[in-house]
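Asker: Structure provided below as structure tokens; questions to follow.
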Amino acid sequence: MLYVGESLSLLSAILWALAIIFFRKSGRRVHPLSLNMFKNLLAFGLFIPTVYVFGETLLRPAPVQVYLILLVSGFIGIAIGDTLLFGSLNNLGAGLSAIVVCLYSPFIIVLSLIFLKETLSALQILGAIMIIGAVLIATIRKQNHTENNTQLVTGVVLGILASASMAVSVVIMKPILEVSPLVWTTLIRLCGGIIGLAVVFLLYPQRRALVDSLITTRSWTHTIIGSLIGAYAAMLIWLGGMKYTQASIASALNQTSTIFIFVFAALLLNERMDLRKTIGVVLAFAGSVLVTFF
């Protein structure tokens, strides 16, 4: 089917943005490691029956190397990348963190051009630049001079590392994703993330604090819904987009999630939609059209 990968990539951006809104509505900051582990365990429990619904099996007759690559991809992208992302959000807030995470798309594009030998037309490159520019226009803000510089630098570094981790995890698994069942691939990759997080939990000196930060959250409903949308639905559809189109194109469309966050925040959280955000939405839409259809 035409434009399946592009459509899935755009849909995953919408779902991830919606998940972020539910995480915001939780009303309490949960430690990044705890939130990451919770959402992934919940998704894992749902992916097991999903594998059988799609007529697949948990252990396919695939080479050991395939399993190892998917597990490593999950470890890098989920255990490391998602945890760093939540840490960046906690230090910077959603707006400024979104600027840093814009590096995800350029990282993917560069790595895909080098290692996957993908090619982009001039208009597609222009579209990717427009999407990144849209997010920058919509999210950039004047910083308070009293802001904690250490916290700012920490958040920026975490965001850069998160973007790089996610990009690497996608590029190393892309060849396998193209020839393997989508749900099975997603599940094995998720296992790698959970195993990595479990190791970190065991080595973390204040494990009780990690558990307490999750248990004491005051809005389980929003946390669960956000996890269902973000770790289950969005992850499956995100990888579907990566499977059925070029990684560079999918990543550019994924980047529109920040724009959708602004739209959902205005609709569901009554946050003000100013001129900069409006321009960002229009520019991102135009960029998405170029990336998808040209």
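Think of each number as a place in line: the chain as shown, counted from 1.
Just so it is clear, glycine is given a Cβ too, placed from its N, Cα and C backbone atoms.
TrEMBL annotations: computationally assigned, not manually curated.
In case it helps, TrEMBL gives these features for our protein:
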type	residues	note
DOMAIN	5-138	domain 'EamA'
DOMAIN	154-292	domain 'EamA'
TRANSMEM	6-23	transmembrane segment
TRANSMEM	35-54	transmembrane segment
TRANSMEM	66-87	transmembrane segment
TRANSMEM	94-116	transmembrane segment
TRANSMEM	122-140	transmembrane segment
TRANSMEM	152-176	transmembrane segment
TRANSMEM	182-204	transmembrane segment
TRANSMEM	224-241	transmembrane segment
TRANSMEM	247-268	transmembrane segment
Asker: What counts of helix, strand and coil residues does DSSP assign across the domain 'EamA' (154-292)?
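Answerer: Helix/strand/coil tally for the domain 'EamA' (154-292): 120 helix, 0 strand, 19 coil.
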Asker: Where, among 122-140, 182-204, 224-241, do we find the most CB pairs under 8 A to the transmembrane segment (152-176)?
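Answerer: Between the stretches 122-140, 182-204, 224-241, 182-204 has the largest tally.
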Asker: Apart from its near flanks, which chain residues at least 6 from the ends of the transmembrane segment (247-268) lie with a Cβ under 8 angstroms of it?
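Answerer: The answer is 5-6, 9-10, 12-14, 16-18, 20-21, 24-25, 94, 98, 101-102, 104-105, 108-109, 111-113, 116, 118, 120, 124, 127-128, 131-132, 134-135, 138-139, 167, 170-171, 174, 238, 241, 277, 280-281, 284, 287-288, 291-292.
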Asker: Going through 6-23, 35-54, 66-87, 122-140 one by one, which has the most CB pairs that fall under 8 Å from the transmembrane segment (224-241)?
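Answerer: If we count Cβ pairs closer than 8 Å to the transmembrane segment (224-241), 6-23 scores highest.
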Asker: With DSSP as the reference, give the number of residues of the domain 'EamA' (5-138) in helix, strand and coil.
Answerer: 109 helix, 0 strand, 25 coil
Asker: What else in the chain is close to the transmembrane segment (66-87), if you only count residues 6 or more beyond its ends and a Cβ gap under 8 Å?
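Answerer: Distant contacts of the transmembrane segment (66-87): 32-33, 35-36, 40, 97, 101, 154-155, 158-159, 161-162, 165-166, 168-170, 172-173, 176, 180, 185, 188-197, 200.
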Asker: For the domain 'EamA' (5-138), what is the mean per-residue pLDDT, to the nearest integer?
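Answerer: Per the prediction, mean pLDDT sits at 85 for the domain 'EamA' (5-138).
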